[in-house]
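Taken verbatim from Swiss-Prot:
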type	residues	note
CROSSLNK	812	ubiquitin cross-link
CROSSLNK	831	ubiquitin cross-link
CARBOHYD	53	N-linked glycosylation site
CARBOHYD	58	N-linked glycosylation site
CARBOHYD	71	N-linked glycosylation site
CARBOHYD	197	N-linked glycosylation site
CARBOHYD	248	N-linked glycosylation site
CARBOHYD	253	N-linked glycosylation site
CARBOHYD	276	N-linked glycosylation site
CARBOHYD	292	N-linked glycosylation site
CARBOHYD	399	N-linked glycosylation site
CARBOHYD	414	N-linked glycosylation site
CARBOHYD	637	N-linked glycosylation site
CARBOHYD	663	N-linked glycosylation site
REPEAT	77-98	repeat 'LRR 2'
REPEAT	149-170	repeat 'LRR 5'
REPEAT	173-196	repeat 'LRR 6'
REPEAT	466-487	repeat 'LRR 17'
REPEAT	532-553	repeat 'LRR 19'
């Protein structure tokens with residue numbers, strides 16, 4: 001008999017199965033639109049279960065050591081194969097044979113050390129080959145000779161000591177050759193002659209310690225348009241030699257950034273005279289001195305970058321010869337910290353006079369003392385001038401500050417971060433073409449009279465945000481009616497409520513920013529006349545009082561008339577009320593920001609006109625209820641909603657509609673699952689609003705009629721049940737009476753028709769009492785004759801028949817009611833029923849009840865279906881306990897017997 005396996009074997013078998021399942025599920029490639037992404041999956045082999053029609057395969061960041069050609073047979077349509085960041089050490093020629101349409105092959109960051117002549121023999125359609133960051137130290141023979149369509153070859157970050165990549169002419173279509181970060185120390189014609197038929201647009205040799213440029217090295221290349229030698233530690237003399245070697249070449253772009261070019265002499269770029277160089281990058285080269293006429297050899301130059309240097313002096317001939325320069329970057333070019341103004345970098349007058357074609361000048365982040373009368377003289381085509389953080393003592397802008405720009409068609413002027421404190425009248429009067437003026441982030445503190453902007457006839461935007469303080473007047477902007485964008489954020493704005501409004505002269509205004517000014521008082525004419533306004537920023541002010549119904553004169557409708565407004569920001573104003581007509585005129589509004597206020601209950605029709613709203617922000621308010629009557633119109637076409645951090649009341653009345661909406665809409669709702677939480681009731685506190693169960697909250701409107709009908713039916717049913725329970729006997733009794741009336745029963749009350757005054761119904765056990773008390777009455781009054789069963793029933797007649805006949809011949813029927821009668825079966829089943837029937841046929845008071853005992857009404861009804869309420873009071877008698885009251889009882893009985901059988 002076999003022994004059972006130990007428990008730990010089962011345990012480890014289960015763990016192994018679980019690990020295999022988890023591993024297989026984790027190693028799943030993502031396939032979308034013929035692109036397979038298998039990156040970061042720790043793959044050791046090529047997946048074999050991908051669609052055969054994929055054109056892009058990403059295998060980066062795995063553990064591949066080979067790219068077996070057989071594994072790519074099923075993926076023959078691949079055009080891009082990325083195998084970067086693996087451990088591939090060898091490429092097999094058959095790879096491209098199985099991938100005939102391959103155009104881009106990326107094998108960067110692998111362990112490839114050698115390339116044979118056969119490696120790429122079948123890669124004839126390859127256009128890009130990336131082999132950067134491998135271990136290739138030398139290229140032997142001609143591994144790239146068959147790559148006739150190759151456009152880009154990247155061999156950077158290898159250990160190459162030479163630029164020689166082949167022994168014969170090849171790579172005739174190559175445009176980019178990247179050899180940066182290698183160990184190349186010299187450039188010779190023999191090492192570059194394989195490019196004799198190539199037209200290189202970019203030769204990247206940066207971060208190589210090149211110490212020699214052999215004669216004719218660049219002429220060995222068929223055509224060279226761009227050369228990068230950044231971070232090559234080129235000295236001034238080596239740079240001059242480089243330029244000589246570039247003479248008479250097709251060079252257009254030359255980048256020499258991050259070198260050791262501390263001085264540029266008159267001869268440094270002389271070798272470039274016979275070129276068409278258009279772009280020169282000399283940034284981060286520790287440049288201090290530029291001799292006169294240094295750039296005289298570059299008449300075709302259009303772009304010059306000198307940023308991040310330490311130039312001491314710019315003379316009137318520093319830029320001589322740059323007659324075609326269009327873009328000049330001098331950012332951080334003159335930076336040198338100094339306490340003394342005399343030792344600050346110096347710019348002579350007329351330094352830019354030679355730059356007749358200059359359109360863009362960037363002089364940001366420098367340390368100039370000020371602007372002289374002729375600093376920018378000669379810039380007759382300048383359109384963009386940035387002087388941000390450029391001056392150490394430019395405190396006041398006078399009418400002479402920009403005199404040197406009088407002849408320039410300047411469109412943009414950036415003066416931010418210069419500690420400017422005052423703008424004098426006519427300071428910009430020379431800049432009649434200016435469209436954008438940026439004065440932000442300064443220390444301006446003054447009253448704006450309007451003369452500051454005199455002469456800005458074409459101004460479109462004025463940026464004054466983040467200054468010390470600005471006091472407005474009625475005429476503050478009368479000189480700039482063309483203004484379309486006005487930024488006044490965080491300027492401690494004063495006198496905003498002046499009348500007429502300071503913004504009334506701006507009929508073309510499209511954007512107005514008045515945020516972060518603690519504005520507390522405005523009038524309803526503040527924005528009057530701004531019919532073209534599209535964007536209004538009023539956040540971070542104190543406008544809450546203006547919209548209160550308790551405000552003297554009522555809410556201030558300062559938004560009226562803005563029929564073209566599209567974006568409105570009213571966040572952080574302390575609003576706790578919104579007038580019902582606050583947004584009435586804003587029919588084209590696309591975005592409203594009311595976040596970080598104190599709003600709780602909004603008027604029902606406040607958003608009725610905002611049917612085009614796309615974005616609504618109400619975050620961090622006190623909103624508890626989101627109902628359709630308020631938010632329905634606003635949510636109709638909404639694309640973005642932000643109502644985070646509101647204390648939602650999670651009840652059917654408050655958010656049922658909202659929950660249904662957010663669970664069915666395609667609107668982008670920020671952080672819905674985390675920051676839309678219930679606050680009340682307590683059992684839902686902290687519960688996500690989107691998970692609130694609305695099934696008990698079905699809209700009652702469609703079922704209201706049904707509810708009312710059901711309720712009425714239920715109430716009627718309960719009423720009938722109670723009526724039957726308490727008065728059913730009465731209804732039954734009168735129903736029977738009515739039926740017999742309808743059937744034509746007539747009242748019979750003729751004395752001669754009856755033989756007996758009354759028929760006495762009693763229990764058999766009570767016969768002695770009946771005989772004892774009724775016989776003496778007959779003896780006393782001979783007109784009274786009672787029908788007693790023991791005495792008056794005919795012999796030989798059936799008892800039941802005798803009872804019927806006797807009842808019919810009796811004028812009245814007397815019930816002697818005792819406990820015995822209630823238990824007597826004959827009385828219960830026949831006598832009482834027949835007597836009641838007779839009473840109904842004759843009339844309603846032909847029955848007399850004599851109670852010998854106290855019998856509750858419910859017992860009487862239960863046993864005999866009789867109730868005291870069915871009879872007149874004189875027909876209900878109680879046998880007296882006291883003997884002296886017996887005569888009175890007899891008198892009452894005679895009265896009852898003598899009463900006429902009238903209708904009850």
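Cβ from N, Cα, C; glycine included.
Taking Cβ pairs closer than 8 Å, the repeat 'LRR 19' (532-553) reaches residues 489, 507-522, 562, 564-579, 582, 593, 597-598 in its own chain, all 6 or more past its ends. The Cα of residue 812 (ubiquitin cross-link) lies closest to that of 663, out of the glycosylation sites 53, 276, 414, 637, 663. In sequence order, 690 make up the list of same-chain residues 6 or more apart from residue 663 (N-linked glycosylation site) whose Cβ falls under 8 Å from its Cβ. Around residue 58 (N-linked glycosylation site), taking its Cβ as the centre, 20 other Cβ atoms fall within 10 Å, counting all chains. Around residue 276 (N-linked glycosylation site), the C-beta neighbours below 8 angstroms that are at least 6 residues distant in the chain are 250, 251, 252, 300. Across the repeat 'LRR 17' (466-487), the prediction's mean pLDDT works out to 96. Of all the glycosylation sites in the record (53, 58, 197, 253, 637), the one with the smallest CA separation from residue 399 (N-linked glycosylation site) is 253. When the C-alpha distances from residue 637 (N-linked glycosylation site) to the glycosylation sites 58, 71, 197, 292 are tabulated, the minimum falls on 58. The shortest Cα-Cα distance between residue 248 (N-linked glycosylation site) and any of the glycosylation sites 53, 197, 292 is the one to 197. Here the glycosylation sites are 53, 414; the one with the fewest Cβ atoms within 10 Å of its Cβ is 53.
Secondary structure of the repeat 'LRR 5' (149-170) per DSSP, as helix, strand and coil residue counts: 0 helix, 3 strand, 19 coil. Following the DSSP three-state reduction, the secondary structure of residue 414 (N-linked glycosylation site) is strand. In this structure, the CA atom of residue 197 (N-linked glycosylation site) is 33 Å away from the CA atom of residue 58 (N-linked glycosylation site).
In sequence order, 266, 315, 317, 318, 320 constitute the residues six or more apart from residue 292 (N-linked glycosylation site) in its chain with CB-CB distances below 8 Å.
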